[in-house]
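Before any comments, here is the structure.
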Amino acid sequence: MNIKLIALLLISFCVHQCKAQEEEDNNDPKPLLSLNVQLSEEAYQNLSSAVYIGQFVNFILTGNYSGYTEPDTSLYENDLDKMLDAGLLILLNVFEQDPPDNYEEIFKDLVSIKEDLRDKGTAGVKYGRVAKYLTSSNFQKAALFYLALNQDKYAARYDKYLVDELLGGLTGACKAHTKLWFDEIVKGRLWALQMFDSMAKLPPGVLDANINWVGSFKLCTTVYNDTIVPPMKGKYCRASIGFPIDQLAGDLPIDDSIGLTYGLCISQLCDRKQVSSIVSNSLKLMSVFKSASVKDVECVEEEPISNSSIVYITLLSILVLWVAIATLIDILLRVLDFLNGGNTKIVEDSQEVIDSKAQIAGSNVVTKRRTVAQAKKHNKLVQFVIDCSFYTNTEKFFRTDNGGKITCLNGIRLFSMLWIIWGHTYNYIIDRKRFFLVDNIRTMQEFNEDVEAQLIINGMFGVDSFFLMSAFLLTTGFLAKLEKKKRLTPFEWAYYYIHRYWRLAPPFLITIVIYVQVLPYVGFGPLWNQNKFPSNYEDCYTYWWAYVLFINNFVPNGKGTSCMGYLWYIPNDYQFYALSPIFLILLYKYPKAGKVLLGSCLLASLSVLAFLTANVYISRKKEIALVLIDMWEDVYIKPYCRASPWIVGIFLGYLFFKLQNRKIKLQPIVVALGWVLCFVLIGTAIFGGYTNHSKNGRRMFTFEYAAFFSLTRFTWPLAISWIIFACHNGYGGVINTILSRKAYLPLTRLSYCAYLIHPVLMNVYNYMQEQLFHATHLTLIYMAIAHIAVTLILAFFYTLIFELPFNALDKLVYTPPKSKE
């Protein structure tokens, strides 16, 4: 009875769902809708709610739907009067059985509502004017009484209507299973109730963008009924429903591509197309199909491992096996050395020792030289095995006596890495472009309005610190080499580029292989689609060559970073590295020209960054959350917009090169002013844009924001440069003490691999969940701490297995001659 009551309420309330279409061209022909015509799904999408509910009313009242009999009435698509009158008459028919005392008053009010709807559309009638009729106890009693009197007349028609509509587009076993479910749930069968129970329900907070309704994956997959052939087993699917974003999230700054996601349980014999039909039919029955449509359907099914994945898993296993073999050989050599009292020389590359061994082998000079070469080759192979050993590399990893001369870099590198992981913890759980993993996105938006949230939002400066340090170290080393050799040979130039590529590429490409070819088969759940983990990543396969060539940040439309977005950093680093010799050689030979060129490039980079930022800021109407999203493709990942920290790093390295072996004396007032300016620049960079994020803050003018966003990419590395300069020259005080702790050194060796794997771990953790997160400050802080800890632990193994063996291979192929000094 309650279901039928809801149906009648829907009829009487249809006027609220209808959309006035006065703006349509009156000269257009009005197509007559005949119920004899079976419309396609696409055609239904183009019909107004008035037409559909007219069909519904016509069938319930006349029984004409199959097409064998002409309906008593027809409705024009654009003629709302008939639909409004129909709803009014049905409502009055209910009151006829048991009219309330204020019948005339109600009638006048309903006529007024009808006229306002006809003249002004739904915008002209507030919900409160109609809601009282839906919630009135008198009306509910009257509706129940009316249905009770006419139960036999309408019940069968209504049931048939629902079944026929919901099963439209279904065929074969899928249709049979779905119809059986309709029949069995009325009878209270356990399996049918489990299937219904596993489906997503309307949660609280929908208007606050709680729009991912997951349901129960485990309960759905346990549904089984063998009373039908073939047996019915539950399959979990997730439908993405396009819906006007302002109706889903109000004023929240959410990308228009995001819609409502609904988890449902259906027969495993229904394919994606049939599931889409079920959802579309349900939307049609709810009379919202005019504004909502099915965008996509994902069904969670375990997939067999692909042949390509098997190949990659085999190759990775061979690499792990090689490290294990090298470790065993290393341990065996150590045991032999111990048994011999420590006299066994595992690796002897001393020229004198090799020459003496050659003399023992024979007095002939040719024999002596051949023996020397063989001994060197043998020792290099042994050294290569040892350099791949997990045992030896663990010893090297924990050494703290080789941290370099500029010890403050270790602390800057470590804290920058921790800052990046902390920021990504928040970013990866709130992916505004793909899928919300929290059920309280408005709470997260409100958190972004707090001043402390600027520490998270501006975590991008941690990446700028790495650009600065890389350029600084490259400059000091390259200029020192130029000072010694004056020029590089063609072989040295080739080694310059190949060595850097080999240093970055193996862990980089292995991470992509693991993410694309291995991880999809690790998880299985409502948020984890093995075909699209964790989203649709065809770009990984289409543009693999761009990743190999380190140019994925230049693939049009951002497709080179849609696969693994954070990997924009590695190609930028290599591109800066590749172009740096132009500036460094000019700085060394023609310092004034080199400084002018660097300064011009810095100014050009800042100008381009400001211009592009202004364009996005205007296009998104100063909505800062969407501005930061749209800046990704054309601003955030492009080297000409990220060059400022690298150029500042080159200037800093050049300064250190010119001042080498000199004792720098600064007046206390200069040191004090330097530190004050440093803190002001850091504070401004992090918190200067808060007014754009605060709820009631003033939005920056376009020129103001463009200048701020651009200049802070220069002032931040400038502040970090002062920290490096002051700490190295004895003016760092307690800050240098904090940054130069030897305990940081082992952890800094993990920075590269930690950067590569931490987003992978976050995605694995986030998408393995069976329900959405309810995010709070406390839970996110705990998650960040956990991500940091797990990342560092796994980065240790990752470094020793997937990074250091390739460095050892590099040394085996070619080892640059060491300075005699």
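Please read every residue number as a count from 1 along the shown chain.
Placed from the backbone N, Cα and C atoms, the Cβ positions cover glycine too.
Annotations in TrEMBL come from automatic prediction, not curation.
Taken verbatim from TrEMBL:
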SIGNAL    1-20  signal peptide
DOMAIN    171-298  domain 'Nose resistant-to-fluoxetine protein N-terminal'
TRANSMEM  310-333  transmembrane segment
TRANSMEM  412-430  transmembrane segment
TRANSMEM  455-480  transmembrane segment
TRANSMEM  501-524  transmembrane segment
TRANSMEM  574-590  transmembrane segment
TRANSMEM  597-617  transmembrane segment
TRANSMEM  637-657  transmembrane segment
TRANSMEM  669-690  transmembrane segment
TRANSMEM  750-768  transmembrane segment
TRANSMEM  780-801  transmembrane segment
With pairs closer than 6 in sequence left out, are the transmembrane segment (501-524) and the transmembrane segment (455-480) joined by 3 or more CB pairs under 8 Å?
no
Count up the helix, strand and coil residues in the domain 'Nose resistant-to-fluoxetine protein N-terminal' (171-298) according to DSSP, in that order.
51 helix, 29 strand, 48 coil
Ranking 310-333, 412-430, 501-524, 574-590, 597-617 by the number of C-beta pairs under 8 Å to the transmembrane segment (750-768), which range is first?
412-430
Test the contact criterion for the transmembrane segment (780-801) and the transmembrane segment (412-430): 3 or more CB pairs under 8 Å, pairs 6 or more apart in sequence, then answer yes or no.
yes
Kindly say whether the transmembrane segment (574-590) and the transmembrane segment (637-657) touch, using the definition of 3 or more Cβ pairs under 8 Å where each pair is 6 or more positions apart.
yes
Most Cβ pairs under 8 Å with the transmembrane segment (501-524), selected from 310-333, 412-430, 597-617, 637-657:
310-333
Mind looking up the mean pLDDT for the domain 'Nose resistant-to-fluoxetine protein N-terminal' (171-298) in the predicted model?
82
